[in-house]
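For E306, the entry in Swiss-Prot reads active site, with the evidence type similarity to another entry. Marked as Zn(2+) binding site by Swiss-Prot on the basis of similarity to another entry: H305, H309, D320. For C186-C256, C263-C281, the entry in Swiss-Prot reads disulfide bond, with the evidence type similarity to another entry. The signal peptide annotation in Swiss-Prot covers 1-19, and the record cites sequence analysis as its basis.
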Amino acid sequence: MHFTSSLLALVALTTQALAFPLNDLPKRDSGLAVKLSSIGNTRVKAVITNTADHEISFLKFNTFFDSSATRKVSIAKDGSVVPFNGLYRYYNAAKLPKEAFKTLAPGASAEATFDIAETSDLSAGGSFSVFSDGMIPVADGSGTTLTGAIKYSTNELKMNVDGALAAKVQSAIPKLEKRTRIDPDCPGEYRNVLTQGLQTAAGYASRAAEAATNGDQLEEFFKTTDQQTAQNIAQRFQAIAQECGSDSQGSTTYFCDDRFNGCEQGVIAYTIPAQSVVVNCPAYWELPPVVNQGLDPDHGYVVVHEFTHATSIFSPGTQDHAYGYENCIRLSPEQCISNADNYSLYAASVSRGG
C-alpha cells in the first residue's frame with residue numbers, strides 16, 4: 001500500500017526517512033521490497049526482501065539495520081510529523097568497511113526490529129502512522145564501493161499506542177546535563193584542531209551569508225532566485241557564523257569523543273538536534289583541516305554541515321536528503337532548502353572560488 005498523498009507531501013516538506021551520500025549513483029526503481037509490521041506497543045519489525053534475480057549487497061548505515069539511534073521511519077500523528085530525537089550521521093562514502101553492508105541472495109529476506117519510542121516522544125498515545133521511503137545504496141558483489149541506489153517505499157503502518165507505556169521506554173540518547181561550547185574533556189590537541197575548524201567554518205558561513213544576500217550561485221545550489229528565500233538562507237549562515245565565533249559560549253555542545261555511541265568506521269560526525277549536540281568521530285580528525293579548491297570536505301565544511309542540523313542555532317533544522325554536489329543539485333527546490341549538504345557545498349563554493 002502506498003502512502004496517502006497528504007502524508008507524502010508532509011514528509012517531503014519536513015523530513016527524509018533515510019538519506020545517503022549517493023553522489024550521482026545510478027538509480028534503480030526495483031530490487032528491494034520493505035514491509036513494516038507492529039510487534040508491540042511501540043516496536044516495529046521491518047522485513048527487507050531481495051526481489052531481483054541477482055545478489056544485492058546494501059549499505060546498512062541510516063537504514064532499518066543501523067544499530068545507532070538514526071531515523072529509521074517517519075512518524076505522523078493528526079497530520080503532523082512527530083519530532084525525531086535521535087541523531088543524524090555524516091559518513092565517508094569513500095571509506096566504508098565491509099561490516100557496513102548486508103548481502104541478500106535472490107528471494108532472500110532479512111528482518112530488523114526497533115522501538116520507535118526510543119527516538120520519538122509518543123507519550124501522547126493514540127493513533128500514529130509509521131512509514132518510510134527513499135533510496136538504499138548498494139555495492140556490487142562483496143565490494144565496498146557504492147555503485148547504485150535502489151528506490152523503495154514501505155506500507156503505511158497504523159499503530160495504536162498506549163502513551164503511558166511509551167513514556168516508560170528509555171530514550172536511546174541520554175540527557176545532557178552540562179552545557180558548554182566545547183566539552184572540557186576534549187584533549188588539548190583535539191580542542192585546538194576543533195577551535196581552528198570553528199574558525200574556518202565561521203569564515204565559510206560569513207562569506208556564504210554575504211553571497212546569498214547578493215544572490216550569488218543561489219540558483220545552482222538552491223534552485224531559487226526568490227529574495228525572501230535568499231534572505232532566509234543568509235540568516236541561517238549568519239547564525240552559524242555567530243555560533244562559530246566562540247569556543248566557550250553558544251547554544252550547542254561539541255564533543256571530541258563518541259559520548260552517544262553514534263560513531264563507527266566510516267562515520268565522520270553526527271548531530272543530535274533535540275539536545276543541541278555535535279560529536280566528531282575519529283574520521284573527522286583524518287580530514288584535511290583546510291581545503292582551498294574544489295568542494296571536498298574539510299573541518300570547517302563538516303562544522304557548517306552539522307550546525308545546519310541544530311535547531312538551537314537556526315530553526316527549522318536541516319535534514320540529510322543527499323550528500324555530494326551531483327546528487328544535491330538534483331534535489332527539488334524544497335529539498336535543496338532543507339538539505340544540510342547544500343549549505344556546506346554552497347559555503348565551500350563561494351569561499352573557495354568554485
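Just so it is clear, glycine is given a Cβ too, placed from its N, Cα and C backbone atoms.
Source: prediction; values computed, not measured.
Features as recorded by Swiss-Prot, highlighted on the structure.
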| residue | record | DSSP (3 states) |
| --- | --- | --- |
| C186 | disulfide bond | coil |
| C256 | disulfide bond | coil |
| C263 | disulfide bond | coil |
| C281 | disulfide bond | coil |
| H305 | Zn(2+) binding site | helix |
| D320 | Zn(2+) binding site | coil |
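Between the C-alpha atoms of C256 (disulfide bond) and D320 (Zn(2+) binding site), the distance comes to 22 Å. For the recorded Zn(2+) site, residues H305, H309, D320 set the reference point as the centre of their Cβ atoms, and the other residues of that chain within 8 Å of it by Cβ are Y88, Y90, T271, E306, T308, T318, Q319, A340, D341. You'll find the Cα of D320 (Zn(2+) binding site) roughly 10 Å from the Cα of E306 (active site).
Note: the CA-CA distance between H305 (Zn(2+) binding site) and C281 (disulfide bond) rounds to 14 Å.
Each residue contributes its Cα atom, and for H309 (Zn(2+) binding site) and C186 (disulfide bond) those atoms are 22 Å apart. Residue pair C281 (disulfide bond) / C186 (disulfide bond) shows a Cα separation of 12 Å.
With a cut-off of 8 Å between CB atoms and residues at least 6 apart in sequence, the same chain places Y90, A269, Y270, T271, V278, A340 near E306 (active site), listed in sequence order. If you take the C-beta of C186 (disulfide bond) and look for same-chain residues 6 or more apart in sequence within under 8 angstroms, you find L194, Y254, F255, C256, D257. Note on H305 (Zn(2+) binding site): other Cβ atoms within 10 Å of its Cβ, all shown chains, come to 28.
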